[in-house]
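Taken verbatim from TrEMBL:
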- Lys38: N6-(pyridoxal phosphate)lysine (MOD_RES)
- 46-240: domain 'Alanine racemase N-terminal' (DOMAIN)
Amino acid sequence: MTDPLLSQRLADVRGGIIDAARLAGRSVDDITTVVVTKFQPVSLVSELIELGVRDFGESRHQEAQAKATELAGSGIRWHFVGQVQGKKARQIRSYASVIHSVDRDSLVTGLASPVPDASVPGASVPDGSVPDTSVLDCFVQVNLTEDPARGGVSIPDLAPLVERVIAAPGLRLLGLMAVAPLGADPKRSFALVSELGSQMRGIAPDARYLSMGMSQDYAAAIAEGATHLRIGTAITGNRPAAVNLKTS
Ligand SMILES: *Cc1c(COP(=O)(O)O)cnc(C)c1O
């Protein structure tokens with residue numbers, strides 16, 4: 001059984017995405033909607049799976065890991081959209097299909113595959129475990145504000161970080177991610193991200209995706225070329241009270 005209000009909100013947002021894509025002359029097939037379920041119970045994720053959702057976003061490692069464990073085998077993809085603590089990077093890599101929030105060099109090192117130590121004959125990886133040959137998709141998050149606490153790399157530091165990611169073993173750069181700053185015109189913010197994305201393709205030609213657009217501003221994001229929307233409350237309804245606690 002699924003909540004009729006939940007399926008209604010999902011249908012409304014899907015309709016809104018179709019409308020915005022049509023207005024922008026874009027195909028909805030080029031737009032992935034990640035439903036952000038942070039702070040929501042795993043039962044809500046299960047209901048959304050029944051309604052056909054396959055891409056889910058989480059922003060806190062412990063919560064994401066618990067949900068991923070509980071729903072293992074359900075064929076869904078987890079997108080990590082929150083700030084990543086360096087020491088959790090490898091664990092996040094183990095269940096996430098996509099990380100949207102790569103924002104510093106040290107994190108690239110933490111997320112990249114360990115490479116075999118060529119100086120040791122017969123060595124696999126430094127800790128002796130089986131080499132990890134999987135590829136993790138990621139976005140570099142750009143900070144459009146002056147506040148470093150918001151997460152994301154500053155615009156002047158963007159190109160060097162993109163170079164680091166494309167050189168890192170086991171990481172595939174999809175493109176750029178951003179959150180529109182509060183109080184700014186989201187359309188202008190997303191146009192800037194799109195422009196930065198075009199510039200980055202000079203050094204990373206395959207990084208053509210843009211993760212931008214949330215509940216309040218996804219239509220503007222679609223107009224500016226978003227390929228990955230991260231939508232929470234417009235679909236899930238309000239988050240439980242814990243959302244007011246400062247977490248990451
Ligand atoms: C929570 C969150 C979202 C979803 O926000 P809504 O306003 O609920 O749609 C999107 N992106 C990130 C990075 C988030 O933390």
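Yeah, the Cβs are placed from backbone N, Cα and C, and that goes for glycine too.
Taken together, the residues in the domain 'Alanine racemase N-terminal' (46-240) have a mean pLDDT of 93 on the 0 to 100 scale.
The number of other CB atoms found within 10 A of the CB of the residue listed as 'N6-(pyridoxal phosphate)lysine', across every protein chain shown, is 21.
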